[in-house]
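Chemist: Mind having a look at this structure? Questions to follow.
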Amino acid sequence: MDAATLTYDTLRFAEFEDFPETSEPVWILGRKYSIFTEKDEILSDVASRLWFTYRRNFPAIGGTGPTSDTGWGCMLRCGQMIFAQALVCRHLGRDWRWTQRKRQPDSYFNVLNAFLDRKDSYYSIHQIAQMGVGEGKSIGQWYGPNTVAQVLKKLAVFDTWSSLAVHIAMDNTVVMEEIRRLCRANLPCAGAAALPTDSERHCNGFPAGAEVTNRPSAWRPLVLLIPLRLGLTDINEAYVETLKHCFMMPQSLGVIGGKPNSAHYFIGYVGEELIYLDPHTTQPAVELTDSCFIPDESFHCQHPPSRMGIGELDPSIAVGFFCKTEEDFNDWCQQVKKLSQLGGALPMFELVEQQPSHLACQDVLNLSLDSSDVERLERFFDSEDEDFEILSL
């Protein structure tokens, strides 16, 4: 439990275990590396992911609520990380790399702004926690992978700069026809009146200089999140190889999930170990200067990432993929179909062209779900919460 509530001030990065000397390839979000010849490239790739951890001394959530998420916000932070990776792929590309003390493009700061711990950032801990209240989750209550996915989907509607099509595949089924219809739709931003004013936009996820347009496009970039349960109390070994292959796909956003007492953002694997970013470090909240300069070093993991055995993974997870173009989606579909040919491996989800007749829940496609929709969906996945324990403050 102590390891789950480390503070940034006392954290010794030298204590983190380095990668093992192995001939096994290292897979990080669709990229393959050799530990012998590409160690620096591996660490650079890991350091370039946005790392969101517990924070303290941020503005009170809701004005009178918590000023720290230590002990309860780890799944929310993991949701931020997987969604931030989607925005990085959307605006910077998968091959973009962060370098300490090197000037980054404006789009990078625009993405980072969207996740700062302030009420007017689109995907802030404040927005996620308060949106969760509307879905029956009190502030400080544990979120399972499905719950945080549902909340992020609702928040994405307001992010017209990114213009993402967010689809959450329920019942372990991905329906290609529904996704194509969603991504080809040119829907106006629901709740546009709630967007920040021009004077506010330079300090949040919809900043000055970010191009926002209503011009129609053939395909809105897809964020596909698939909540899954890969066993009762432990992960079924028959899913392990399929899970590994998800990290090999170029469209991979990783996996959110974890083990009892903690949630993690899994970004790859080596051998029989998963590689993950751990949110269980408490850092001071970042304060913006008058010029809105963001001290960003604490948002990047500059030490070897954590690892855990695949068998330790709690079976409740959400797998994420990003398809910027329709060609990306078609390629992803072909790769998923090939997974069925893995000997001795079970598919984690089903890919179908049209919705099966036994699935009648059309509401999951709505960009703006009402509370009854989400409550119905969460009842199906309530079991995901029971296997996690809430960390004490």
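Glycine is treated like the rest: Cβ placed from N, Cα and C.
This is the feature table in Swiss-Prot:
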- MET1: N-acetylmethionine (MOD_RES)
- SER34: phosphoserine (MOD_RES)
- CYS74: active site, nucleophile (ACT_SITE)
- CYS189: S-nitrosocysteine (MOD_RES)
- ASP278: active site (ACT_SITE)
- HIS280: active site (ACT_SITE)
- CYS292: S-nitrosocysteine (MOD_RES)
- CYS292-CYS361: disulfide bond (DISULFID)
- CYS301: S-nitrosocysteine (MOD_RES)
- SER316: phosphoserine (MOD_RES)
- SER383: phosphoserine (MOD_RES)
- 388-391: motif 'LIR' (MOTIF)
- SER392: phosphoserine (MOD_RES)
Chemist: So what's the average pLDDT for the motif 'LIR' (388-391)?
Modeler: 37
Chemist: Write down the Cα-Cα distance for CYS74 (active site, nucleophile) and SER316 (phosphoserine), rounded and given in Å.
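Modeler: CYS74 (active site, nucleophile) has its Cα 15 Å from the Cα of SER316 (phosphoserine).
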Chemist: Ranked by the number of other Cβ atoms within 10 Å of their own Cβ, which of the modified residues SER34, SER316 ranks first?
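Modeler: The residue with the densest Cβ neighbourhood is SER316.
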Chemist: Where the distance is taken from Cα to Cα, which of the recorded positions SER34, CYS74, CYS301 turns out closest to HIS280 (active site)?
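Modeler: Its closest listed neighbour, by Cα, is CYS74.
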Chemist: Work through the recorded positions one by one (SER34, ASP278, CYS301) and name whichever has its CA nearest to the CA of the residue listed as 'active site, nucleophile'.
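Modeler: Spatially nearest to the residue listed as 'active site, nucleophile' by Cα position is ASP278.
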Chemist: For CYS74 (active site, nucleophile), list the number of other Cβ atoms lying within 10 Å of its Cβ atom.
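Modeler: Excluding its own Cβ, the number within 10 Å is 29.
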Chemist: To the nearest whole angstrom, what is the C-alpha distance linking SER34 (phosphoserine) and ASP278 (active site)?
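Modeler: One finds 23 Å between the Cα atoms of these residues.
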Chemist: In whole Å, how far does the CA atom of CYS301 (S-nitrosocysteine) lie from that of ASP278 (active site)?
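Modeler: Rounded to the nearest whole number, the Cα-Cα distance is 9 Å.
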Chemist: Quick one: give me the count of other CB atoms within 10 A of the CB of HIS280 (active site).
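Modeler: Step by step: centre on the Cβ of HIS280 (active site), count other Cβ atoms within 10 Å, giving 24.
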Chemist: What is the number of other Cβ atoms found within 10 Å of the Cβ of CYS301 (S-nitrosocysteine)?
Modeler: 22
Chemist: Taking DSSP as the reference, which of helix, strand or coil describes SER316 (phosphoserine)?
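Modeler: Where SER316 (phosphoserine) sits, the three-state DSSP reduction gives strand.
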Chemist: If I restrict to non-local contacts, at least six residues apart, and a C-beta distance under 8 angstroms, what lies near ASP278 (active site) in its own chain?
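Modeler: Correct list: THR53, SER262, HIS264, SER306.
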